[in-house]
Each structure stands twice: as structure tokens, then as C-alpha cells.
Amino acid sequence: MAIVSAEKFVQAARENGYAVGGFNTNNLEWTQAILRAAEAKQAPVLIQTSMGAAKYMGGYKVCQSLITNLVESMGITVPVAIHLDHGHYGDALECIEVGYTSIMFDGSHLPVEENLAKTAEVVKIAHAKGVSVEAEVGTIGGEEDGIIGKGELAPIEDAKAMVETGIDFLAAGIGNIHGPYPENWEGLALDHLEKLTAAVPGFPIVLHGGSGIPDDQIKEAIRLGVAKVNVNTESQIAFSNATREFARNYEANEAEYDGKKLFDPRKFLAPGMKAVQGAVEERIDVFGSANKA
């Protein structure tokens, strides 16, 4: 099915009691790993770039072109959305212009009325080009590209107002955070999520900070209305651990590898790529989106 807007497959997840994964990429290798995992599991997927990752990769146009061409060259058949994660207003508009098929405008750091007004503007522009829109109310804990949130519970009335702007799916704070969860984390506020989904019945909710949340809590959140779960830190840890292990083994057994040119980055990065693919496949299974393409 190739490159598509995320609206239909996220809504299908909401209606059928599973969630799709929004997996952040940081380079060519991660993008390949995510695509391989999605194809192997026959799962729809959003490949996401944060503002920082896009800058690192050479800009939004480079990211859009990379993902689009890999989908074609790798023969990917599952639905893939190219999604901006936590974008400022100008970044959201740029991504719409260069060919992203889904964007998140994050105005959660703005006064509520300004957030709503700017979101409505983004929705009008995006929908005119068939681009799906995610927005946020409350703030997600942790730090994302310099935006620091304390992990608020999204106000119900603000969530209802945000849905009325015409967005396609809503990120709302329910005690979740970006990055590793501390030992004293109290868990998702599932009672608040239940109130939230009752206020916007049938509307897809997005769970940010999906890495490190116990599987039973994720599954209960999906049962209550979460239809998209974002994952980044988990993939980063998997990649880092596998790459470090490869380096340790190489240094300890250098003679064994003599002549194999393992200094070649294509070989050096391979274990990390495989680890990311494995992590993504495992999350797809937990989210219930395998064989939903």
C-alpha cells in the first residue's frame, strides 16, 4: 500500500481495539529496521522524525525522500505514514509542504487558546493536502527537543476543545513521560484516561513515552481508547546495547576477526539495526497491530 496518511489506519485501530506504533527514526539504518519489522509483522506503521532528528539527518526533505525511496526499493507493502513528531508551527507547515503524510503540531507549551487557534490553522492547511494531524493537550513528562513537560493530566475540557479543531488523533498527558521511567513512577493514570475517552467517544488517543511502560498498562490503555503508541527510547537502548556489545567483543577477540573488516560501518552497525528491528517487532506484537495491514 506504500505511503499514506495515518488517519484511516489509526481510526481503524481505535475501532478494533489495537494500537499502531509510531516509531522514531534517527538515520538510514533505523528507517530500514523499522520498515523491515513492519513488513515482517504485516503491520501499519508511522515512521516519525523529531525536529532534532530531522536536523541531524539533513532536513525534512531529506527525511521524506529517504523514507519514500526506501519503501519503494525495499518493496514494502504495508501502510506507512511519514510523521512529524512534536513539531513547532513552522516545522509542521514545512513538513506538509515537502510531502510528509502526517504531522504533529505540539502547541502544548502555549496558552490553551493560542494552542487551539494555531492547531485549527494547521488542520485546515494539512487536510487540504490529505495530511493527518495529531495535537497535544496537557504536557507529556520529560524532555523532547528542548520542550520540558512535568507530566500533567490533560484537562478534559481542553481535550474536548482540541478534538473540535478537526484533528485526527489526540496526544494527552496521563502520567506518561518521555525517556526512561524513574523507579518511583506511579504508572499511567488509567482512571483519567477512562474519563478522557468517555468525553471524546471513539476518538483515537495517542500514548507518548511508550518505552518502559509495563505491557499490562499499555494493553489496558489500548482497551480504553489508545490507538497509537510512540516508541523511541526503547529502540535507542536496544541499538546502543547491541552496538556496545559488538564493540566489546571485537576488542576482546580482535584476532578472531582478522581480515573480516569489521571496521566497515555496514558491518559495525548491523547488530544495532537487528536489535532495533527486534524491538519494533516486539512492540508491534504488544500493541496488537500485527497482521492488520
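Please read every residue number as a count from 1 along the shown chain.
Cβ coordinates are placed from backbone N, Cα and C, and glycine is handled just like the others.
According to Swiss-Prot, the protein has these features:
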- Asp85: active site, proton donor (ACT_SITE)
- Ser50: D-glyceraldehyde 3-phosphate binding site (BINDING)
- His86, His178, His208: Zn(2+) 1 binding site (BINDING)
- Asp106, Glu136: Zn(2+) 2 binding site (BINDING)
- Gly179, Gly209, Gly210, Ser211, Asn230, Val231, Asn232, Thr233: dihydroxyacetone phosphate binding site (BINDING)
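Here the features listed in Swiss-Prot are placed on the structure.
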residue : record                                    : CB count, 10 Å
Ser50   : D-glyceraldehyde 3-phosphate binding site : 20
Asp85   : active site, proton donor                 : 28
His86   : Zn(2+) 1 binding site                     : 27
Asp106  : Zn(2+) 2 binding site                     : 29
His208  : Zn(2+) 1 binding site                     : 30
Gly209  : dihydroxyacetone phosphate binding site   : 28
Ser211  : dihydroxyacetone phosphate binding site   : 23
Val231  : dihydroxyacetone phosphate binding site   : 26
Asn232  : dihydroxyacetone phosphate binding site   : 24
Thr233  : dihydroxyacetone phosphate binding site   : 19
Rounded inter-Cα distance in Å - His86 (Zn(2+) 1 binding site), Glu136 (Zn(2+) 2 binding site):
9
If you measure from the C-alpha of Val231 (dihydroxyacetone phosphate binding site), which of the recorded positions Asp85, Glu136, His208 fall inside 10 Å?
His208
At the level of the C-alpha atoms, what whole-angstrom distance separates Ser211 (dihydroxyacetone phosphate binding site) and Ser50 (D-glyceraldehyde 3-phosphate binding site)?
16
